[in-house]
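Notes to accompany the following structure.
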Amino acid sequence: MATPAKKFINNPNDVVTEFIEGLVETYPGLQYLDGLPEVAVISGGGSGHEPAQAGYVGEGMLTAAICGDVFASPPVDSILAGIRAVTGPMGCLLVVTNYTGDRLNFGLAAELAKTEGFKVETVIVGDDCALPPPRGIAGRRGLAGTILVHKVAGAAAAAGLSLEEVAAEAKHASEVVGTMGVALTVCSLPGQATSDRLGPEKMELGLGVHGEPGAAVVDIQPVDVVVSHVLQQILSPETNYVPITRGNSVVLMVNGLGGTPLMELMIAAGKAVPKLQLEFGLAVDRVYTGSFMSSLDMAGFSMSIMKADQSILKRLDAPTKAPSWPVGTDGNRPPAKIPVPLPPFQQNKNEESLGRPQELSQQGQVLEAAIEAAATVVISLKDSLNEWDGKVGDGDCGSTMCRGAKAILEDMKNYYPLNDAAETVNEIGSSIRRVMGGTSGIIYSLLCKAAYAELKANAQSEVTPKNWSDALKSSISAVSKYGGASAGYRTMLDALIPASKVLEEKLSVGEDPVSAFVLSAEAATAGAESTIQMQAQAGRSSYVSAEILASIPDPGAMAAAAWYSATARAVKEQSQGL
């Protein structure tokens, strides 16, 4: 029986918070705000990649870093709070790694910030060179080359450039850098068992920084052979990932993934430089070796190669106080903790209009039973969802969904106005947005927000089955619009789209609403199970081989089918009791 990996931690749910506490005790300057910069440069993403991204906060690099849970993008509210805290009149640049959850969460936060009057630009970094294009709608992953983009953007902002100029330099830097990773072991997530997909004599080429499967599993090779393969993959003229040709100057970053000794990283760097010079005809102007973007305790490394003109070298050489950039800091220790006042645009809920009613209507009782059933089944599936996701993604689907379900059950006791279906759906979205990071959090937030808008637009004393059907249809449209997925992409929509179609069809021909709901739940389950036969075109599963996918259903689709079916059963039971 698999057991969780050994870790020096307390509660696995608290690792990010406690990591940040230790970080600011180590580098007190990270807590010091002495005025707003000309242009703020903000990045972030899932934790577990330390020192990225928080270790690069400091004058001359990042202005703020938003930390999500382990391997999960930070929620919209956290990103928005960071924008509000550090952005002045000249605006801010968001540097975002190319993962669906990061793009969606940072994208929505940017749009919300713009409605509050902030100037915001976004640069997406996708520097992965391991997997051949195209990769569905997901595109190339954001890897360690992102750190070089951070440095260019931060130095440009410190030099006093405008937001548009800083964004332009960051975008250019993102377009001239390529990265590929290799590993001897898969990382182990806090509180979870480690995947055993790599045997003792095997290594993996091109895997992602979340432990997701890469391009190939091969026999362990000498580092000379590995380095040659990585360099050839990045600089291949056939794929043309980066515009680097013989005679160019480049910067090399050899990045440890968390469990690789510095000795081995130095050996890799020592082999890479002469190969770049002699075999590829490149001038290597800078070499950075160390752990810049890790993957928890993964034994492996990545190499990033960036085309280096004088402008980029000037930005890379510019001074910075970011503690994890290899230039170092000046050692000054400002005051340990200075409180930051809350921004003036906090919006508080109307406590009188929102809250659990003293007495539930018939509709409120049905809604309460449905929500409780849906959340309970999601919690019960935590381990199964994590197990599936560990083979086709990053292994946290069950944990993320479980956090959201528990928050919903807790908030429903006090805050959900269950007699008002539309506002209850909106509150469910608020619960999810508060605790669920990653792609799942933003997708479910979009689902709830779209459903709320549809229900609110057709407000009446009691929500009809057709209203619910229309709300589901609107939710699916919203997720498809912003996430890019549709039927057959191997996502949760492969459960919800069939359910929506059956529900709409049965209601339109006069089928009993409860029976229509139950039949649509059967369609959701069948749709989720059919994902075993699908090649992923969205999310991290799009990086996984068809052979692996062929034995595992999509965890997000299975979760959606489970809560949808539990809701249908609860509604049926309530109707029989009336």
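Note: Cβ is positioned from N, Cα and C throughout, glycine not excepted.
A quick note: this is a predicted structure, and the numbers were derived from the prediction, not measured.
Among the features that TrEMBL reports, domain 'DhaK' is placed at 1-325. Positions annotated as substrate binding site by TrEMBL: G46, S47, G48, H49, D102. The feature active site, tele-hemiaminal-histidine intermediate is assigned by TrEMBL to H210. What TrEMBL lists as domain 'DhaL' is 365-569.
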| remark: Between the C-alpha atoms of D102 (substrate binding site) and H210 (active site, tele-hemiaminal-histidine intermediate), the distance in angstrom, to the nearest integer, is 13
| said: Among all protein chains shown, how many Cβ atoms are found within 10 Å of the Cβ of G48 (substrate binding site), not counting that one? | reply: 29
| query | In Å, rounded, how far does the Cα of G46 (substrate binding site) sit from the Cα of H210 (active site, tele-hemiaminal-histidine intermediate)? | reply | 9
| said: Among H49, H210, the recorded positions in question, whose Cβ has the most other Cβ atoms within 10 Å in this structure? | reply: H49
| Near S47 (substrate binding site), which residues of its own chain have a C-beta under 8 A away, given they sit six or more steps off in sequence? | V15, V16, F19, C67, G68, D69, V70, F71
| Which of these binding-site residues has the least crowded Cβ, counting other Cβ atoms within 10 Å: G46, D102? | G46
| message | Over the span of the domain 'DhaL' (365-569), how high is the average pLDDT in this prediction? | response | 90
| message | Between H49 (substrate binding site) and H210 (active site, tele-hemiaminal-histidine intermediate), how many Å separate their Cα atoms? | response | 9
| Most distant Cα pair in Å, residues G46, S47, G48, H49, D102 binding substrate | 15
